[in-house]
Amino acid sequence: MVGSMARSGLLSMKQTALTGSALRLPPLPSPRDLIKLYKLRARKQLSQNFLLDTRITDKFAKSAGKIEGADVCEVGPGPGSITRSILKRHPGRLIVIEKDPRFLPFLQMLEEASQSRMNVVVGDVLSLDMSKMFRESLRLSWEDTCPDIHLIGNLPFSVSTPLIIRWLRDISLKQNAWSYGRVRMTLTFQKEVAERTVAEANGRQRCRLSVMCQNWCDVKHLYNIPGSAFVPPPEVDVGVVTFRPKIEPTIKGDFHLIEKVVRQMTCFRQKYCITCAGTLFPEHLRKQLSHKMLDIAEVNPETRAFQLTMDEFQRLVMAYEHLCSDQPKLFKYKFSSNVDEDVWMEDEDATTFTSTSNKEGLAADGFSDKDVEPKV
């Protein structure tokens, strides 16, 4: 029954594509029916949770703002439920990036009906280059308004934090999708992680992710979606977050330098920041340089990590950079939880960001009071 519906729906879609410029998707088997037809199950190792309620997917697509006529890239479309909601808003072009080939029949069905407005790319967004993915006519200078390009995605929990950190690096370098200008993003995260992206200084959720996101983007946590709306339902609710890149970051400097300072200065949430600063230096220089760094930055040593403001982080980055200019080898130092061991990065590691964790727990944001505290 469902199979015949899919075939007749596809025929109707082809006829629709030939009769009129406005794309209107004909009645089709629902993504839920197609999942049953192809006997597909969400893969736990890919952190798959499908959003199938049309009312919610329509609201999610609307959250991206005006996308009519724009180029839209959807990350991880899965069975295509959000894809359909995006198409209903008449984008000029829709590119979907899907890692799981099991969903190709679903997406190719929509692609055939899209009047050449939709393209399916099979690949891993973590390694995909989007620098030539969109129409050249949409490219704008960084100081101009945001281009008519949108990144939208219901992200798997396991990759959302590493992905946004990677994209923040690309924003800082104006590369990848951001070679087209200040491309906006509308993404999902676990509710707790969504709250971290917008947490202010002194806030309960303030962490590394808060500082990194707010440094390069204007971030808004729009609303939450209950976990029960997903298939299979996760144990947590999900937050919808928008990111609009800033013309100038609050903390200026090299991304890797900023990331290292922010990561280490937030590594012990409840400890004084003098303790966190100590993790930036080898043990034989730790006491001297951690105090010197805070003196230069004019930061109270008894300030706790979650209390640090963006201005204080700016001064801390400048102070650390100053100390590294006097002793260039310092930037290669990497704190180890083994108090008897100093770790020094190779040259290539010192200039290449690698995420320390793929998890979205506190450890992924550098908060773990279980870590070994350095002697300061």
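Yeah, the Cβs are placed from backbone N, Cα and C, and that goes for glycine too.
Just so it is clear, the model here is predicted, and its values are computed rather than measured.
What TrEMBL annotates here:
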{"type": "BINDING", "residues": "Asn49, Leu51, Gly76, Glu98, Asp124, Asn154", "note": "S-adenosyl-L-methionine binding site"}
{"type": "DOMAIN", "residues": "56-247", "note": "domain 'Ribosomal RNA adenine methylase transferase N-terminal'"}
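Ranking the binding-site residues Asn49, Asn154 by how many Cβ atoms sit within 10 Å of each one's Cβ puts Asn154 at the top. Working note on the binding-site residues Glu98, Asp124: by count of other C-beta atoms within 10 Å of each C-beta, Glu98 ranks first. When averaged over the domain 'Ribosomal RNA adenine methylase transferase N-terminal' (56-247), pLDDT in the model lands at 95. Of all the binding-site residues listed (Leu51, Gly76), Gly76 sits in the most crowded Cβ setting, with the most other Cβ atoms within 10 Å. Across the residues the record lists as binding S-adenosyl-L-methionine (Asn49, Leu51, Gly76, Glu98, Asp124, Asn154), the two Cα atoms farthest apart are 20 Å from each other.
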